[in-house]
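Feature list (source: TrEMBL):
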SIGNAL    1-22  signal peptide
DOMAIN    60-193  domain 'Cupin type-1'
BINDING   N91, H96, E101  oxalate binding site
BINDING   H94, H96, E101, H140  Mn(2+) binding site
Amino acid sequence: MALLLLKSVVVAVFSIFSIAQASDPDILSDFIVPAGSAIDGNLFTFNGTRGIFGSIIEKFKVTKASKAEFPVLDGQSVSLAVLQFPGGGVNPPHTHPRAAELLFVVQGSLEVGFVDTTNKLYTQTLQVGDLFVFPKGLVHYQYNSDWNKSATAVSAFGSANAGTVSLPTTLFATGIDDQILAKSFKSDVATIQKIKAGLSS
């Protein structure tokens, strides 16, 4: 009986540890100083978004301020991205496995949507000043349906490293066998190869 109880406790501890590792770690200090960094105001300043507002948008672009670009975010459970859409531009269906996304439209308008785990699609047309939340881990997209105007949005994430899994890239540019994709999409290999060719051009 004691052995069974011990096994149950060990399994429970490992399960909790696994769950805890699926998000940003809690830190035991105010902030984490990246190796070799001076502790001054520069450590807490990110200027990678300077000059992007008001610029000409020719293709969809994401400018990130996550742990990779702004190391002091490590342990802070926050990051940001600026999304710039030309007329007709799209941020294809994707997920963020480690964070919800709060999108704030600052220029133009966007058609947005996400699909929940029951395969229900939720959509909205956003204008300047509108916010929309994409729940953690769910497939979502943004689209600028106005072919004559660009659009810009700022997205905040509840993780210093939200991660992005782009469905077109994940499905068609990672080497999954054409036959498997054709069967999965009830299509044929020639169609799958056309899709793959379109992604690489």
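In case you wondered, yes, glycine gets a Cβ from its N, Cα and C as well.
Positions of the features from TrEMBL, shown on the structure.
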residue: N91; record: oxalate binding site; Cβ contacts under 8 Å, 6 or more apart: F60, V62, L83, F85, Y141, Q142, Y143
residue: H94; record: Mn(2+) binding site; Cβ contacts under 8 Å, 6 or more apart: V139, H140, Y141, T164, V165, S166, L167
residue: H96; record: oxalate binding site; Cβ contacts under 8 Å, 6 or more apart: F134, K136, G137, F157, S159, A162, G163, T164, V165
residue: E101; record: oxalate binding site; Cβ contacts under 8 Å, 6 or more apart: V133, F134, H140, S155, A156, F157, A162
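Residues belonging to the domain 'Cupin type-1' (60-193) score a mean pLDDT of 96 in the model.
Surrounding the centroid of the Cβ atoms of N91, H96, E101, where the record places oxalate, the chain contributes additional residues within 8 Å, namely A81, H94, T95, L103, F134, H140, Q142, S155, F157, A162, T164.
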